[in-house]
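Working notes for the structure below.
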Amino acid sequence: MIPWRLTFSGIRDYEPTQLDLSGKDDHVMITGPNGAGKSTITFCMGAVLYSSKVDIEGLKSRNLPEQQTWRGKISLLFKNEGAMKIDAPTYIQFSLHIVQEPGQPIKKEFFIYAGEEIDQWETPIKFTSGDRFNNFTAYKKALEQKYKIDPDLFYLIWYQQEVNQFAVMNPEERFRIFSEMHGIDQVQRNWEESMEKLKDTKETLGSAEVNMKHKKQLLSLSKNALDRFLDNKKRLESGAKLYIESLLQLEVHYKKEKEQFEDIIEQTRSEMEEEQDQLAAKENEREQIKLELKERKRENEELAQRIEAEEEKENQLAQTIKENEATISGLEKELAVILEQRQYIRRTEEEVQNELEALNRDQKETTEFFDLVKNRIDEVSGEWQSVVEEITRLKQEIQVDNEAAVIHQERLATYTSSYVVQNSIERLEKELKENRNEHIDIERRLAELSEELKQLEQNRDLSERQIDSLNFFKMKRIQAYPLRELVELDEQAKLKDEHLFDAIKYTIFFEGKSIKPPNDLYHVPLMKLIPDRSVTHLPSLHLKIKSGIGTKEHLAMKALWWIEQLFAQGEVRIENGILVDSLGYRGRQEKDRFILSAKALLARKQVVIQQLKSAQEDKIKLSDRMEHSTKTLQELNSIIHRVKESEAFMTLEEERRLRLEKLAEKTERKELLESEQKELDVKKEKGIHQKIEQENCLNELKKEEQFYQELGQMSDKYEKLHSLRERTASDRNDLDEQKQRNKELEQQEEALDSKIRKLERKGSGIQDKIDSVHDGIRVKEKQLQRRQEDLELNKEQMIKCIQELNEMKGLVSEIYDECTSELTGGHLLTITKLLHNRELGKTKFDRARSEDGIDPAAEANYETIKEEYDRLANEYNRTKLLLEQDTERAQDLKNKLEITINMRVLEIQQRFKMYMNEFQFEGDVSWESYEDRRQRTLFKLYIKARKEGHKGALEDVSVKARGGKVGKGVSGGEESLSSLLFALALLQNLQTTPGFIVLDEFDSALDENRKVKVFDLYVKQLQRKLIILTPKSHESTYHNRFSKAFIVKHDPTIPKSNVVGIVKT
């Protein structure tokens, strides 16, 4: 199987590419600069052959937009010829199709094409991850079994840095690969499995021994449990027997006692029936008396109602007589008073009427006069009150004016006027505004100086525009660097030498291709800078890359190369510190400062510290002045409106004079009102006396007028008095007759009450007899209840006894049957003794039954444990015998492993020594095994080399100085040579002979002479097609050994990779 053609598309930055690898014995070279993408070709080969070492996602271009679908395709064509020709058509092509939608996992599909002509295939076979039969595992098996291709197992493809891997890898890893390639790993696994089995057998033996000892202890404990069980069984039987015998005798006792209780109950019930008959007769007699008593009480109630009605009539007649007598007495008195009043009358009836009319007119006039006086008094009083309040108010205002005048005069004497105060305020505000502006300037200056000092302490010195640019790139997540962080003046430079770079020393370099700059500083894309050589120092310009920048060194080299181009007298150049191009000139980018040397930074730092100290002192002084001005301004602002109030107060002098005059007028009016008020009070008093006299005269005239009216009614009263006297005499006769009737009814009531009392006494006597019979019945009932309770208790005790017997019969039926058969009708024990024996037997039985730690299965357990102990003892003996067998087998496998390793190592050692001798080196291959702390057996394979003629012991090529030091071990070329020759010895020793091999960076560490010899040795020994990837340029003697060559190019500005083929002529 010979590689014939490789095609791929959608892989990293490559265009669709095809490489012609045809020719059975034609060797192919693939070359190009570092980073051009040569190794990607080997990754494509490994990916299409399903190598586990290739990550498919690594083939995706980093420049592919996130929202674009990735589609990749790789095809590797083989020609079926050579030493490993298989039963298949002439041409076989393996293809891999890759699709990844945005945000989705990668989808892969493998295809196998076959045909007698290229690109004229039979039906292809498709392999996908979800297919039941044609899946990726089936593809891998088809490659290994049918097409005899396994890139990982047979080392068909040596990827980047794998050529030198045997020299640098750990001896343990080296042995692992060696054992896998020669099938030793299977023998090693068999031995390791035997050792694991031996270990397991030892552990099993130890476990069996522990188990046997443990079972022996359990057997001893089981014997103790058996002894306790037998003792408990003995106590259980004796306690049960005493308990059952006591219960059986108690059962006989309770049966006899039950019969006695039943006889007593029957006799008591008979006596109660006789007393019930007596009770019924007495109750019948009592009911007869109750009926007669009820009838008599009904008659008594009717008689009482009749008496009540008659007494009501008697009371009504008495009341009528009383009222008539009172009316008669009143009429007699009225007639006597009229006659007596006649002697006091002085006027005739006509005179009385005339004087009443005249008096009514006088009263009306007096009332009108009195009302006028009263209204005037109210008016005067209201006006007087108003005047008094006005006087009080005026006095208070005058007092306030006098006090305020003193304050305002003092204030004006202090501040002169509001105009003067306002001028002072405006002056202070102007000073404060100027001070604040100055303070802001100082604060800004302090911030700038502090930030600059902070940068200087961090060995940084950035301008404002540089800071803006760096923040701009930081927001866009693009790494950017000021020029001074990449380069610096060398030790021989003077400060003035920095003037050469004034036009560019504030330049910003960024890791990108293009950007819209945020300001007019130079912004240089590092990805577009492709130096033609490595530059670290420009002595003519006294400029070098900055020390201690670590991983940024390659960026500094680009920046230094860029600066060198500006001094190369090109179209864009620097002359005397001025940037010159075809359109004009440009001077320095920022103010004149030195930033490219440590001395300049130190001097600038001292200046900044002094300026910072001076600015802080100015800030303190200015703050003190501002504080004093602010306090004064606050005081004037708070007093100016008061000064204006004082000025306004002094302008109101006329108002204060008018207020004094008004107070005098109001005081005079108050005195006049008080004089008038006294006169009105006299008139009011006179009117009151006149009204009283008129009222007395009116009362006298009214009495005389009433006398003449009463005198006219006297004849009617005489007639009424005569009629009342006759009616009263008739009512007295009716009253005497009613009293006689009421007396007779009361006598009938007394006789009926006497009969009722006799019946009640008789009923009471019968009730006493009935209660006596009831008491006797209740006594009998209590006796009957007690006997019944005794009987129930007897039944419960007997039932409990029977239940306990049944329970014991269920628990210990054999002992129960034994006790029932031995029970006789002889002398029974007392109830106390029986109860005692029952409790004693029950307690003994229960304690034995509930005793802790008694195992009912003690006998069976003892037998079981004894059998288990015997089994474990037999197992221990068998395991001991098996351990001896496993030990012998493990030793045999170890001997076989050591013999196999020695044979393979000896074969490789001979070839390795022979190959190393051709290059004037002594070589050796050896191995060793040892156990680590975990008792694991580890193997190491050593590759040792030494130049011929050198003394000292041979050392493994992977030995290096510790702690990051150098000076120990072989050189890089010797390391690569030994690794290549060891790999050749390994490949020579394989059972398979593939038709090709791919070697990446095959000759990267070899000189021109050695790489030719190594190549010729590989061709001679392997006898197969070689595909070599190399970054180096080569002489014609080396080129002539290849039939085809491909050059890989990469343009990072596009970005784009392509392959150019060169055919030997």
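Just so you know, glycine gets a Cβ as well, placed from its N, Cα and C.
Unlike curated entries, TrEMBL annotations are predicted automatically.
The range from 174-207, 650-683, 752-785, 820-853 that TrEMBL describes as coiled coil is residues 650-683. Checking TrEMBL for coiled coil across the ranges 694-735, 862-903 points to 862-903.
Across the coiled coil (425-466), the model assigns an average pLDDT of 82. Helix, strand and coil counts under DSSP for the region 'Disordered' (726-752) come to 27 helix, 0 strand, 0 coil. Within its own chain, the coiled coil (862-903) is flanked in space by residues 179, 184, 187-188, 190-191, 194-195, 197-198, 201-202, 204-205, 208-209, 211-212, 215-216, 218-219, 222-223, 225-226, 927, 939, which lie at least six positions past its ends and keep a Cβ under 8 Å from the stretch. The list of residues near the coiled coil (425-466) in space but at least 6 beyond its ends in sequence, with Cβ under 8 angstroms from a Cβ of it, reads 482, 484-485, 506, 508, 519-521, 589-590, 593, 595, 601, 604-605, 608-609, 611-612, 615-616, 618-619, 622-623, 625-626, 629-630, 632-633, 636-637, 640.
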